[in-house]
Amino acid sequence: MVTLGAIFGLEEVMQVRVLKMAAAELCGAAILVLIGCGSVGTLSPGASPPTMSVGLAFGLALALAIWVFGHTSGAHVNPAVTIGFLVTGHMGVLKSALYIVFQLLGAIIGAGILCLSIPEPWRGGLGSTTLAEGVEQWQGFLIEMVTTFLLVLTVMASSDRLRTDHSGSTALSIGLCVTANIAWSGTVTGGSMNPARSLGPAVWSGIWANHWIYWVAPSVGAIAAALLYQHVFSVKTQESDSGLRFTDTPAGKRDNFLEYAIDIDSPGGSRRVESPLPHPKLSFLMGKFGRQNSRNIVRINSVQSNGLDSGSNMNDDSSEAGSTRGLTTMSNEWGIDKRFTITKM
């Protein structure tokens, strides 16, 4: 029977580390608003700054937040991103609500620090997001929805730990997506893509015109992008290789350890690989197993969480390990990649 606690993710918010996650979201949102909105007032005091310069400031500020806080909370710093992870089942309702509350608080604090830090003539609207003259509400809604859709699509793709084609910086990939979106939408809507980023300056400047757009449009775009990536583009973990079988070992049920036995069919014949893995460190690189005098050497490259990384780290002893599934990519010397799924027992 499914309990209300399971539906709302009560277990997620009953852990001590959730406070650290909330603090990370608060600080990340404050940094984003302070640097991004600060660039609006300080790059060209009393005048409109170059759109690309503002876009770079926001993009690099977001990259900074992800680089610093990504290992702690996932560094969403954006309610729209959190909503995306919520609707795809990677976060519970309560944890998502906690993230959003602290993101909003962080944005308000960041805008407050900005307001106190720069001379009054430079403040203007503190980087508040408004529709440009002549832009209809439906046009503003469409632009904010599309830009947030692209941002969340990038976030979901960058957070997909099962992908092996990503070799660059996740922080810069997401940050530069924001920069690219602001390049074409900044002069039209302000290029928000983030309800918290719009709320923070509005609280201090009092500019609330069309503010609802900056909440509803990003939410719609985020939900559409998250569901699309989850159900169409994400890497699946279903085992389709019948030549690779996973077998439990009795000793594998010891506390905090996972032992596995794998039967591998290969050009050199079948053999069995057995080795214990300390569960809290599953994401570290594992060593080589197998016979050194055979071409059937199998190297375990990594163990990763099943699906998207929404801020839950398998390296953390307090992670929700009891129900965690991981995917291991195994490469042998004849160039065939095999994958199997492991489950903590």
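Here the Cβ of each residue, glycine as well, is placed from N, Cα and C on the backbone.
Unlike curated entries, TrEMBL annotations are predicted automatically.
Annotated region 'Disordered' per TrEMBL: 304-328, in sequence order.
What TrEMBL records for 21-44 (among others) is transmembrane segment.
Annotation comment: TrEMBL describes 50-69 (among others) as transmembrane segment.
If you look up TrEMBL, you'll see 97-119 (among others) marked as transmembrane segment. Within its own chain, the transmembrane segment (97-119) is flanked in space by residues 13, 18, 21-23, 25-34, 37-38, 41-42, 45, 73, 76-79, 82-83, 91, 126-127, 195-197, 199-201, 203-204, which lie at least six positions past its ends and keep a Cβ under 8 Å from the stretch.
Residues 78, 80-81, 84, 88, 131, 166, 170, 173-174, 177-178, 181, 185, 188-189, 191-194, 210, 213-214, 216-222, 224-226, 228-230, 233-234, 308 of the same chain sit 6 or more residues outside the transmembrane segment (139-158) yet have a Cβ under 8 Å from a Cβ within it. Per TrEMBL, transmembrane segment is recorded for 139-158 (among others).
The feature transmembrane segment is assigned by TrEMBL to 170-192 (among others).
As annotated by TrEMBL, transmembrane segment applies to 212-229 (among others).
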Where else in the chain does the transmembrane segment (212-229) make close Cβ contacts, counting only residues six or more beyond its ends and a cut-off under 8 Å? 78-81, 83-85, 87-88, 129, 131, 137, 140-153, 156-157, 160, 189, 192-195, 198-199
Per the Cβ under 8 Å criterion, with at least 6 residues separating them from its ends, the transmembrane segment (170-192) contacts 51-52, 54-56, 58-64, 66-67, 70, 127-132, 135, 139-140, 143-144, 147, 150-151, 154-155, 158-159, 198, 213-214, 218
